[in-house]
Structure formats: C-alpha cells, structure tokens
Number of protein chains: 2
Amino acid sequence: MFTDEYYMKMALQEAQVALEKDEVPVGCVIVSNNRVIAKAHNLTETLNDVTAHAEMQAITSAANFMGGKYLRNCTMYVTLEPCIMCCGALNWSQISKVVIGARDEQRGFINKNLSLHPKTEIVLDVLEAKCSQIVKDFFQNKR
Amino acid sequence: MFTDEYYMKMALQEAQVALEKDEVPVGCVIVSNNRVIAKAHNLTETLNDVTAHAEMQAITSAANFMGGKYLRNCTMYVTLEPCIMCCGALNWSQISKVVIGARDEQRGFINKNLSLHPKTEIVLDVLEAKCSQIVKDFFQNKR
C-alpha cells in the first residue's frame with residue numbers, strides 16, 4: 001500500500017489545490033515511517049513570495065514536526081523536479097530520500113550540475129506523465 | 001552617506017545579533033531608494049529550520065513591504081556570500097543588486113558555477129575583513 005506511487009498521488013492532490021488557486025501546480029508531501037508529516041503546494045502568487053515553493057514550506061513544516069532541522073528518515077515526494085533554491089534547502093536538511101515526479105529541464109537542479117546531499121537517495125519519474133501533464137496544461141492555458 | 005559600506009555596517013549589526021543567539025553570524029539588509037525595507041539575521045538554530053537564512057527572511061520581508069514578489073530597485077547587503085538556496089531565491093526575486101561582504105568558498109554559489117539573475121548587479125568584498133572575521137571567530141570558538 002505505502003508505495004512511492006501512493007504518496008506521489010497525495011503530492012498530485014496538493015498540486016491540484018495549487019492549480020485551483022491559479023498557482024504553478026506543484027505539490028509536495030514529506031513522509032516519515034509511513035506517516036505524512038508535511039503537505040504543501042506552491043503559494044508564490046498567493047503570498048507574493050518567491051520563497052513559497054511547495055518544497056520550502058514542506059521542509060519548514062516537517063522540521064517543525066520533527067523538532068529538529070535535519071530530516072533524517074524522511075522522504076519528500078514532489079511532483080516537479082526542485083529548483084536551485086529548493087535543492088539548496090534539501091541539501092541543508094540532509095533529507096534521506098527525494099522522489100520526483102516530472103523533470104524540469106529548464107529550472108531543475110539536475111541540469112545545473114547540482115546534486116543533493118550525499119546521504120540523499122533520489123528516485124525519478126514516479127507518476128511522471130500525470131505530474132508533467134498538470135504543469136503543461138497550466139502553461140498552455142496561460143498562453 | 002548612503003554608501004555600500006554604510007548599509008553593510010547595518011548588515012554586520014544583524015550578524016552581531018545572530019552571534020549573540022549562538023547562530024552562524026550572517027546578517028542582511030535590503031534597501032530600496034535609500035530606505036531600509038528589510039533586516040534579518042540567520043535563525044536556523046533558533047527556529048530549527050534550515051530555510052531560515054538571513055537572506056531568505058529578508059527576501060520574504062522585503063516582498064511583503066513592496067507588495068509584490070519581484071525586488072526591482074532593491075539592493076541586498078549580506079555579510080557572507082549566499083549559498084545555493086539563497087542564490088536560487090535571489091534569482092527568482094530578480095533583485096537589482098547584491099552587495100556581498102565576505103566570500104564563502106565552500107558553501108557559496110560562485111564556486112558552484114551558479115549566477116544570479118541577468119538583471120542583478122553583484123558587488124563583492126565590501127567590508128570583507130570584518131564580515132569574514134566574525135564568521136571565523138564563531139567557528140574558532142566552536143572548536
């Protein structure tokens with residue numbers, strides 16, 4: 001039951017909430033011991049704040065739940081590949097695992113030759129089609 | 001009067017406040033039209049939050065003051081070279097100018113081959129000696 005797909009679906013639900021707010025639809029959950037300890041979606045427009053990416057909010061929220069700034073034994077599920085900012089935050093957090101839905105060739109950290117923390121396992125392409133479609137549809141509708 | 005040194009001294013005062021809280025002493029101010037619109041210091045330990053770097057807080061706070069997420073006509077003065085996370089946030093903000101006190105060869109964005117937004121002017125080494133000394137002293141005392 002508690003598969004990567006299961007939690008990525010929850011992240012996609014968060015992306016859907018962002019979409020309903022006319023935000024770039026990216027969603028994220030953080031899980032520890034099969035328990036969801038943080039959920040967030042992109043709120044940069046709503047909050048007028050470039051730092052309000054789903055991942056940033058989820059990292060703050062998970063650290064608050066854990067009572068410490070390191071996200072050991074935690075896995076982030078995020079619908080879109082993190083940007084440089086979120087990559088940097090994930091590095092500082094030393095999170096155990098990051099599961100990514102769709103790649104972001106332009107803005108994502110991978111094509112910038114950045115990496116996550118040596119302790120962090122990365123899994124790509126989980127529910128890739130759905131995760132990329134929601135973003136593509138959003139930008140198509142904007143044109 | 002309103003020189004880069006003038007505002008960097010204010011950023012150093014913020015770093016001093018961080019030091020008194022036993023935080024890595026980094027301080028930051030954001031100025032628009034010679035008016036200080038945000039001040040912040042590193043609070044990662046106090047808040048148990050890796051995202052609570054001085055720059056991140058100042059960006060959020062300045063955007064709040066400006067009523068918009070883009071920091072046009074704004075200059076950030078920061079005592080230590082921003083990390084990857086803060087570099088990413090500065091990129092999204094399209095801030096006009098970033099004035100840096102001391103370099104951070106290990107953790108700073110410059111040696112990671114990252115750059116700020118094409119619209120962003122960068123000035124280095126303003127009050128470099130004082131800005132680097134406060135960090136060196138902090139880590140020396142930790143050993």
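Any Cβ shown, glycine's included, is placed from N, Cα and C.
The domain 'CMP/dCMP-type deaminase' annotation in TrEMBL covers A:2-112. Per TrEMBL, Zn(2+) binding site is recorded for A:HIS53, A:CYS83, A:CYS86. Sequence annotations record features per position, and here TrEMBL assigns active site, proton donor to A:GLU55.
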DSSP residue counts for the domain 'CMP/dCMP-type deaminase' (A:2-112), split into helix, strand and coil: 43 helix, 28 strand, 40 coil
For the binding-site residues A:CYS83, A:CYS86, the one whose C-beta sees the most other C-beta atoms within 10 angstroms: A:CYS86
